[in-house]
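Database features (TrEMBL):
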type     : residues : note
DOMAIN   : 434-499  : domain 'HTH luxR-type'
TRANSMEM : 40-63    : transmembrane segment
TRANSMEM : 69-90    : transmembrane segment
TRANSMEM : 102-120  : transmembrane segment
TRANSMEM : 126-147  : transmembrane segment
TRANSMEM : 159-181  : transmembrane segment
TRANSMEM : 187-207  : transmembrane segment
TRANSMEM : 228-246  : transmembrane segment
TRANSMEM : 266-286  : transmembrane segment
TRANSMEM : 295-314  : transmembrane segment
TRANSMEM : 320-339  : transmembrane segment
TRANSMEM : 351-371  : transmembrane segment
TRANSMEM : 383-405  : transmembrane segment
Amino acid sequence: MREGKGMDFRLRGTFERAQEAVSGAATGSRLQKKRDRMNASMVLGLALCQCWLTLCFFAPQLFPDNQSTSVYELSLLVTAVSLLPGVVAARKMDALLNRKQLIYGFAVCASLGTLLIPFSSANGGVALAIMVLAAVLTGCAGGWLFIAWYRAFCRADDLAGFVLSVTVQSVILYVLTNLLLPPALSPWLMMAVACLMPLASAFLLSGCPEPTVEASLFDYDLPHVQPIQRRAIVQLCAGMFVISFVDEFMRNQYLGSTDLVYYSGTVNLIVLVLKIVCSALILAAISERSHNVQLMYKASFLLTMIAILFMPYMHSDLGYGITNFGAFFFKIIVMLVTFNYCRRYRIAPVLLFSITRIIWSLDLFVGFFFSEWANSLAASAPTLPGVLSVVMGVAIVATYLFVFTSSEGETALLKEEGREEAASQAEQEAKCSRLTRVGKLSGRESDVLILVARGRSTPRIQDELGLSSNTVNTHIRHIYQKLGVHSRQELLDLVEKTAPDEE
């Protein structure tokens with residue numbers, strides 16, 4: 001009878017997956033499940049955080065008399081340095097991020113640093129000191145507020161909401177720049193909104209629901225990461241560095257960075273509509289585990305190459321539009337990859353996102369100053385920009401073909417996980433089956449063991465099995481006793497080391 005109940009749970013899951021694969025209604029069911037899991041306040045909170053950082057970058061444009069400030073460039077370095085504890089002490093930083101006081105502290109730093117930007121410049125000792133202080137405050141907040149949000153989405157297992165926040169950010173920026181952009185209104189009104197954004201974001205972050213993925217599921221120490229995990233991280237970081245570096249260099253070289261006025265223009269409206277349409281397709285592809293996800297990779301490659309080849313001859317607004325749309329796709333690719341790496345390789349979100357955020361900050365910093373260096377040599381070497389554009393194009397092609405593509409020709413960073421995940425789950429269930437037999441677990445305990453091995457939290461197990469919290473905790477306690485372990489991590493390690501049960 002015990003075996004019958006265990007098989008009933010597994011067969012029920014297999015039957016449901018088979019139904020979803022052949023039924024047209026399954027897509028709607030999965031989309032509904034994604035929407036149910038998606039938290040609107042979390043999507044809005046991360047979007048506000050991204051909007052705040054964008055407005056920090058554009059703040060000097062609101063005050064033309066003070067455009068000599070280099071707060072943004074300095075803040076990139078501060079972000080990279082401030083996130084180092086997330087790499088060397090990920091477990092400790094993960095625990096600290098549970099404290100709401102720390103989150104609000106970072107939000108206050110973000111608001112205060114933003115408020116100081118109009119008073120900072122490279123001229124005069126006091127203004128220089130204010131510039132450094134503003135860079136330190138916005139740099140620290142710009143690192144850790146994002147890490148806190150990324151961690152929240154990973155622990156909520158909300159990939160769809162994570163991706164959707166990028167589109168929501170674009171919508172908010174379009175509305176803001178059309179309503180509050182100077183000279184029609186005082187620039188201080190836009191600054192006030194920018195200062196309030198991190199506070200609102202922190203408020204929404206502090207109200208996040210209980211995580212559905214247990215923190216004990218993840219590896220927090222980089223030296224313990226397996227070779228396949230290290231190779232995946234190196235691939236991701238190398239691709240990020242090259243693409244973001246080239247984008248920043250070309251944008252500064254030919255477009256003079258980006259003008260805030262662009263976000264209120266017609267070209268951005270067209271791009272925004274395309275982003276919304278593409279976001280809907282991406283969310284559907286994520287829900288269906290569709291091969292259409294690969295189209296993002298191809299679209300990003302195509303748009304990047306168009307920008308590289310034609311940017312020297314484009315009208316500025318068109319150049320902004322193409323690079324912005326390409327950056328949108330690439331940002332979503334990076335978000336998808338890092339999110340799935342956390343799940344697939346059990347890498348702690350604090351650790352992985354700290355690494356990727358450091359790389360992103362450094363490549364923007366290097367790209368900006370490399371373009372400044374190229375501009376300084378343009379008079380003596382007029383052919384240099386053209387040569388550099390060719391080199392950048394070759395670097396992009398090499399990155400997409402060799403860094404982002406496996407030796408079998410598949411897109412390595414966006415490899416579809418359907419069969420791989422199914423095989424992994426089958427092996428995991430076989431291991432749990434052996435432990436069920438050895439530990440003489442009941443049918444319901446076997447069901448709970450399978451879900452614990454998949455990293456489900458107690459509330460999630462309650463929902464999936466229709467049990468009360470006390471009943472789930474009782475089953476878990478009995479599993480610990482019968483298998484001779486004392487914690488969830490020990491149980492996960494035991495499942496990992498157990499050989500699959502032979503049929």
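Keep in mind that glycine also has a Cβ here, set from the backbone N, Cα and C atoms.
Using a cut-off of 8 Å between Cβ atoms, the transmembrane segment (69-90) and the transmembrane segment (126-147) share at least three residue pairs, counting only pairs 6 or more apart in sequence. Segment contact is absent for the transmembrane segment (126-147) and the transmembrane segment (228-246), given fewer than three CB pairs below 8 angstroms at sequence separation of 6 or more.
If you look at the transmembrane segment (351-371) against the transmembrane segment (228-246), you find at least three C-beta pairs under 8 angstroms, all six or more positions apart, and that counts as contact. The transmembrane segment (266-286) makes contact with the transmembrane segment (159-181), as judged by at least three Cβ pairs under 8 Å among residues 6 or more apart in sequence. Count of Cβ pairs under 8 Å against the transmembrane segment (383-405): among 40-63, 102-120, 228-246, 320-339, the largest is for 228-246.
Taking every recorded stretch in 40-63, 159-181, 187-207, 228-246, 320-339 and counting its Cβ pairs under 8 Å to the transmembrane segment (102-120), the highest total belongs to 187-207.
Through the fold, the transmembrane segment (320-339) approaches residues 150, 153-154, 159, 162-163, 166, 170, 236, 240, 243-244, 247, 250-251, 255, 258-259, 262, 267-268, 270-271, 274-275, 278, 282, 286, 293, 296-297, 299-300, 303-304, 306-307, 310-311, 314, 352-353, 356, 413-414 of its own chain, all at least 6 residues removed from its boundaries and within a Cβ separation under 8 Å. Averaged across the domain 'HTH luxR-type' (434-499), pLDDT in this predicted model comes to 83.
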